[in-house]
Each structure stands twice: as C-alpha cells, then as structure tokens.
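K.L.:
For reference, the structure I am asking about is given below.
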Amino acid sequence: MNRVKVVFGHLSPPNTFKSHSGPVISGEQCKALSTGPDDIVVVHGVRTAIGKAKRGSFKDTTPDELLSSVMTAVLADVGLSPERLGDICVGNVLQPGAGALMARVALFLSGFPETVPVYVVNRMCSSGLQALFNVAGAIQMGCYDMGLACGVESMSLRNPGEPGDVSSRLMDNDKARDCIIPMGITSENVAERFGISREKQDKFAFSSQQKAIQAQKRGVFDQEICPVTTRFVDKDGLEHTVTVTKDDGIRPGTTLAGLTKLRAAFKPDGSTTAGNSSQVSDGAAAVLLGRRSAVEALSLPILGVLRASAVVGVPPDVMGIGPAYAIPVALKQAGLSVADIDVFEINEAFASQAVYCVEKLGIPLEKVNPNGGAIALGHPLGCTGARQVVTLLNELKRRGRRSFGVVSMCIGTGMGAAAVFEYPGV
Amino acid sequence: MKAFKFPARHGYSVEISPFIPTRLACATSQYYGIAGCGTLLVLEQTETGITLVKSLDWNDGLFDVTWSESNEHILVTGGGDGSLQVWDTANPQPRPLQVLKEHTQEVYSVDWSQTREENLVVSGSWDGTAKVWDPSCGGVSLCTLQGHEGVIYSTLWSPHIPGCFASASGDGTLRVWDVKSGRCRLAIPAHRAEVLSCDWCKYDQNVVVTGAVDCSLCVWDLRNVREPLSRLLGHSYAIRRVKFSPFNQTVLASCSYDFTVRFWDYSRREQPLLETLEHHSEFVCGLDFNLHIPNQVTYQGALLSSHLPRLVFDPRHCQHKLCISICSG
C-alpha cells in the first residue's frame with residue numbers, strides 16, 4: 001500500500017470518507033464481553049412432563065420419584081458422574097420443611113453416592129429459580145465448581161393451606177395480614193386496581209393454550225422432557241405402570257368463547273377463573289450449573305450463561321405484580337433493556353398479573369411465553385422456576401442465534417424474582 | 001522536561017517499560033516512515049536527560065512497539081514489511097530472536113496482553129486483519145480475525161477481559177473481538193472518518209475511547225453504543241494516538257497531526273480539555289503514560305522533520321506554570 005497516500009488520507013477533509021457499509025453488530029450483545037472463566041453457566045436442563053394434580057399422570061407419584069427422574073437424566077444426558085457435584089439444591093413448597101428428607105431420599109434413589117450433599121429451599125413460586133440462584137452463588141463464592149439446581153412439587157399429594165405458626169399480632173399489621181390473602185384474591189386485586197379486564201385475561205389465557213398446543217404438536221417439549229416411568233391407579237382401582245412423556249394440562253379443545261363463559265372462581269363478581277389461572281400440577285425439573293472454567297475443562301456443553309438475578313419485594317395484596325419490579329432490576333444488572341431480550345418466560349400464576357406485568361414493562365406479546373405458560377402447562381409450585389429456565393434455554397437454542405432471555409415469576413406474600421440468561425449461540 | 005533526538009529517524013510509537021520506570025522503547029522509521037529502514041530504540045531516562053541504551057535496526061520501517069509483560073528484556077515490534085519482530089535486549093546479537101511473518105501488508109500495531117496467565121500478542125495490519133500470536137510457541141499465529149473493511153491502525157487488549165481486544169480501522173469502525181470464539185463481538189461505526197487509535201479505560205471494562213481523522217475523540221460505553229458517552233473536540237487535525245490514564249478513570253491524553261498533545265477529563269461536561277501542550281514542531285505520533293510515576297507522560301513527534309524530538313514531560317510543572325500565568329494574568 002502506498003504509505004504516502006495513507007498518511008495524506010489522515011490530513012484530508014473528513015467529507016471524503018466512505019462510510020462503513022457492513023452490518024452493524026449492535027451494542028445489545030456486548031454484555032457477553034465480560035465472558036470469563038468465572039461465569040456461571042448452565043450446562044443442561046431437563047424436566048418431567050407436568051401432570052394435572054389429583055387427576056393427571058403423576059397423581060400417584062411421590063415427589064422424590066419425580067425428582068430422582070430429573071436428577072438422573074440431567075447427568076446421564078451429559079455423561080457427568082454425580083461425584084462431580086459440589087451440592088444439590090432443591091426448590092419445594094408443599095412438603096414438610098420444603099422436603100429436606102424427600103430430597104435426600106431422591107438422591108439415594110438416583111444412585112448418587114452419600115458423599116454428595118443436598119438441601120432444600122422454599123421461596124414459594126420462585127423456589128426452583130431460587131435453587132438456581134443458591135447454587136450459582138455458591139459456585140461464585142468458590143464453594144464448588146459444579147452443582148445441581150432442582151425444583152419439584154406434588155400438588156396431588158399435598159395441599160397448600162397450613163400456614164404454620166404465626167403470631168396473632170399478624171392481624172394488627174396491614175402488610176402482615178395481607179400475607180394470608182388467598183392467591184386468587186390477590187389476582188382480583190391486581191385486576192381491579194390496575195384495570196385488567198376479564199376480556200384481556202381470557203384472551204391471554206386462550207393464547208397460552210394455543211401456543212402450548214402448537215409447541216406440543218411441533219415436538220418442542222420433547223427435547224426438554226425426560227420420560228418418567230411410574231405407577232398410575234385408574235378409576236377402577238387397577239394399578240398400571242406408565243411412562244409419562246407429555247404434559248397433560250394442555251387443552252386442545254379450549255375456545256375463547258368457552259373461557260368467557262367460566263364463572264369467577266374466587267369472588268362472585270370477580271374476573272379470575274379456573275380458565276385464566278395457572279393449573280394445579282405435579283412435576284420436577286433439574287438444571288446443571290457450573291463455573292465456566294470447570295465446565296470447559298470437563299468438555300461439557302454450555303447451554304446458557306446466567307447474566308443477572310434479582311428478587312424484590314412488592315405489596316403482598318397485589319403480589320402478582322412482582323415480575324414488573326424484579327425484571328427491571330435484573331435487566332439493569334445485566335446492562336440490558338427490554339428491547340435486548342428475545343424471550344420472556346413470565347410465570348402465568350394468573351392472567352391478570354401476567355398481563356399487568358407485560359403491559360407495565362412494554363414487552364411485545366410475541367416475546368412472552370412463546371410455548372405457553374402455567375395456564376396451559378400447569379404450575380407445580382416448587383418446580384416452576386427450574387422448569388421455566390429449561391424451557392427458555394431450549395427455546396433460545398432452537399432459534400440458534402446468540403440472544404438473551406428472562407425468567408421471572410411473582411411470589412406469594414409479595415415478591416418477584418427474575419433472572420437474565422444468555423444463550424451463547426452455536 | 002527532557003528531550004532526546006536521534007538522527008535520521010522518526011518516532012512512531014513510544015512505550016514505557018512495565019518493569020523499569022525509567023526505561024522507554026521507541027519504534028522509529030527512516031524517511032518519515034514512507035521508505036527505508038526502521039530502528040527500535042531502547043532509552044533510559046536519567047536525572048538530567050535521556051540516554052540511548054540500545055538501538056536495533058530492521059530492514060523496513062517500524063510502526064509500533066510493545067513490551068513483554070513477562071520478561072523485562074523482551075519487546076515486539078511491527079514493521080512495514082508485514083512482519084513482527086521479537087527482540088531480546090539482553091541478546092548481544094543485534095538481530096530479532098524471532099520474526100513472525102504472516103501479514104501481507106504493513107503491521108501498524110502490536111500489543112502484549114496484560115491479563116494474567118496469557119502471554120499473547122495481537123497485531124493489526126493494513127491488510128485488514130488482526131492476528132493473535134503466542135511468541136513463546138513458534139512462528140505461527142494462533143488465529144486471524146477478519147471483518148474490517150479497511151486498514152487496521154490500532155489493536156489493544158482489554159486490560160480486564162481475557163481474550164478480548166479492540167481494533168480501530170480506516171473503515172470508520174471500532175470493533176471488539178473475542179479471541180476464543182474468533183469472532184467480532186461488536187462493531188461500532190465510531191466516526192464518519194478513519195479511526196486511527198483506540199484505548200480501554202483502565203477502571204471500567206466497558207469504556208473505550210477512539211480518536212479519528214475527524215479531529216474528535218469519542219468515549220464509548222460498550223453496553224450502549226448508540227451514541228458516545230462523550231465527544232471531545234479541540235484538535236485541529238487527525239488524532240494519531242489516544243491513551244487513558246492509568247491513574248484516573250476519566251482522564252486521557254491524545255496526540256495529533258496538529259503538533260499538540262492534549263489532556264482531557266471526559267467527566268467534566270462543560271470543559272473537558274484540561275490542557276494543551278505544544279512542545280513539538282511536527283506531527284505527534286506516540287504517547288504513553290508512565291505506570292510507575294504518576295503524572296509522567298512521554299510522547300514523541302515524527303514525520304516531516306529531520307530529527308526525532310522526544311520529550312518526557314511532567315504535567316505537574318505545567319499545571320504549576322499554568323497556575324502562575326492565571327494568577328499573573
């Protein structure tokens with residue numbers, strides 16, 4: 001090259017410059033700049049099918065069996081020996097003490113050695129995500145390199161209800177008293193206070209069903225569901241061994257007209273119905289996490305990178321608005337905006353609160369729960385967070401390109417949790 | 001202020017040793033870098049002036065130099081013949097230990113990685129590619145990064161993120177690369193003009209500055225590149241090199257074809273220009289902060305002059321003078 005020409009170019013007037021014509025890679029992707037050996041990465045995740053509580057596929061299956069299925073499958077899929085696990089954290093809501101005993105039993109049923117520890121966590125509907133936060137935090141702290149975050153719930157065998165021992169002074173404190181408001185009433189509160197019409201809720205519920213039907217038809221969930229072989233007692237009292245591979249809450253017969261006709265479930269003039277609320281369900285999910293350096297040293301795949309995590313408090317009587325407050329905090333941590341996110345997995349505890357959060361944050365509807373949510377699939381409380389992570393990362397992977405996704409949910413007693421994940425691309 | 005002159009050579013780049021506070025390296029070329037040979041000068045700053053420690057000749061102009069971060073005697077230069085030279089100043093032979101020849105045109109920038117457990121050199125060339133080398137293992141590059149649509153003038157490792165470097169190009173863009181994946185992570189149309197220089201903030205891994213032919217400096221937050229954090233105007237000709245201060249998060253220095261060196265604090269919205277030094281009578285091409293001695297800045301002039309003026313300057317004195325002049329004014 002003619003060096004004189006180049007140097008004279010530096011001294012020429014700027015308007016002679018020919019502008020860069022190539023594709024601009026936007027700044028939206030730059031959080032991955034901080035890719036480093038200490039990143040917390042998701043190696044793999046699986047879930048069971050989700051069964052309708054008390055009637056569905058897992059009505060006779062104990063949670064340790066569900067948990068054992070996903071714990072075993074997630075390691076077997078990537079060929080990792082359980083000895084490598086520094087710890088296991090299991091999210092659970094309804095078992096006594098969040099199922100501390102049940103989780104240890106599940107570990108042994110999975111054939112894991114006694115040297116691998118396990119514990120449980122209960123942050124209600126976010127327990128599965130909280131388990132992931134806990135394992136990520138311990139890895140970041142340097143406690144260990146690889147850990148398993150799980151969530152499990154059998155709502156067939158346990159009912160929410162028993163509040164435990166609380167002071168009678170609870171009634172003297174407005175916020176404390178609001179903590180015992182039934183969840184359906186908090187949904188009515190959100191709908192009333194923020195003007196989320198019955199029509200909007202039903203439309204959202206209908207779309208959740210439609211998306212789930214399509215996803216199931218296309219086999220989208222087959223990649224994330226691990227088959228569970230279990231016992232099932234039919235209506236004649238006969239016991240069968242069944243292998244469950246499909247979510248049974250999805251209702252192909254759902255019509256918008258049908259949803260509109262349903263009666264309000266929580267108060268006579270209300271707008272929250274069985275059709276626009278999450279289903280009561282059984283299920284489990286497991287997510288294998290690791291420090292990037294360790295994951296790479298073991299030649300394991302990287303399905304996602306945890307970029308941010310947040311939990312916030314909101315008024316207990318409108319607990320459903322939690323995601324509207326948690327998501328911005330997590331996005332800020334990640335240095336991203338709503339526009340940078342390709343997929344939002346926002347738990348559909350109720351259509352009212354999901355619609356509120358989506359509208360409040362200005363999220364385009366097509367980015368929300370592209371394969372349906374808890375209204376169609378079900379909401380096994382402790383499992384949900386981990387299940388959403390599995391569904392999200394598989395969806396981003398299916399789309400192929402490097403992108404970001406968010407998992408979020410509201411939490412009873414007034415909280416919201418959110419996490420930002422990056423799918424690193426192929 | 002101290003100065004050093006060397007006959008028949010023009011300075012293109014000056015770097016202070018990361019090991020010895022008084023040691024400097026200077027990449028120079030004959031005939032304004034347009035033709036002829038090049039010389040790597042190793043200089044020592046004494047109490048009274050600057051003395052020559054060693055001069056090492058190469059058959060083509062040398063445009064950039066970088067010190068090894070692992071061995072105080074090792075230097076790498078980039079040359080007009082498209083090669084990189086690895087020099088050992090402890091070697092009695094005045095020849096490079098190694099010559100890395102892959103670029104097909106002028107190598108205009110070389111930089112030795114500062115992140116731990118990496119001993120990588122990145123080079124940027126007028127052939128439009130950047131290459132990553134491990135000088136300790138053979139003469140073959142580890143990878144070649146393609147994407148720029150013009151010549152590359154500057155390549156610099158992130159001081160924070162392993163395997164990440166930025167490049168400034170004649171195509172008007174600043175690009176950020178991830179060596180591990182071999183891909184460009186970010187392409188910012190930084191100026192509507194050739195971008196001649198860039199540098200990373202030493203305190204914030206997301207902040208990068210670019211200097212361009214349009215006489216402006218732009219400070220970028222890589223998380224939001226729709227517009228720069230700050231645009232610094234003042235130079236009257238193309239900006240040849242810009243560097244962030246190692247001591248202050250928002251202070252940077254730039255040198256230009258307008259013969260000046262300017263200090264800026266981009267956090268000062270109203271008046272970011274701290275001072276302008278006019279010690280040169282030609283284009284100023286090289287510039288470095290002394291890591292060991294706060295406030296010491298080295299810079300050099302080059303091109304179109306028959307000698308190489310070299311100045312080591314302490315801005316504290318200048319500020320002092322400035323102070324007096326304000327008082328007396």
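Backbone N, Cα and C atoms are what each Cβ position is placed from, and that goes for glycine too.
Remember, it's a predicted structure, so these values are computed and weren't measured experimentally.
The feature active site, acyl-thioester intermediate is assigned by TrEMBL to A:Cys125. According to TrEMBL, the feature active site, proton acceptor maps to A:His379, A:Cys410. TrEMBL lists A:40-292 with the feature domain 'Thiolase N-terminal'. Feature annotation from TrEMBL assigns domain 'Thiolase C-terminal' to A:301-422.
Just tell me what is around each of these and how deep it sits.
P.N.:
The secondary structure of A:Cys125 (active site, acyl-thioester intermediate), as reduced to three states from DSSP, is extended strand. Neighbour density for A:Cys125 (active site, acyl-thioester intermediate): within 10 A of its CB lie 29 other CB atoms from the protein chains shown.
Cβ neighbours of A:His379 (active site, proton acceptor) (same chain, under 8 Å, six or more residues apart in sequence): A:Cys125, A:Ser278, A:Gln279, A:Val280, A:Ser281, A:Asn347, A:Glu348, A:Ala349.
Secondary structure at A:Cys410 (active site, proton acceptor), as computed by DSSP, is strand. Every protein chain shown contributes to the tally, and the Cβ of A:Cys410 (active site, proton acceptor) ends up with 34 other Cβ atoms within 10 Å.
If you take every residue in the domain 'Thiolase C-terminal' (A:301-422) and average the pLDDT, you get 96.
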K.L.:
For a three-state summary based on DSSP, what are the helix, strand and coil counts in the domain 'Thiolase C-terminal' (A:301-422)?
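P.N.:
Helix/strand/coil tally for the domain 'Thiolase C-terminal' (A:301-422): 56 helix, 35 strand, 31 coil.
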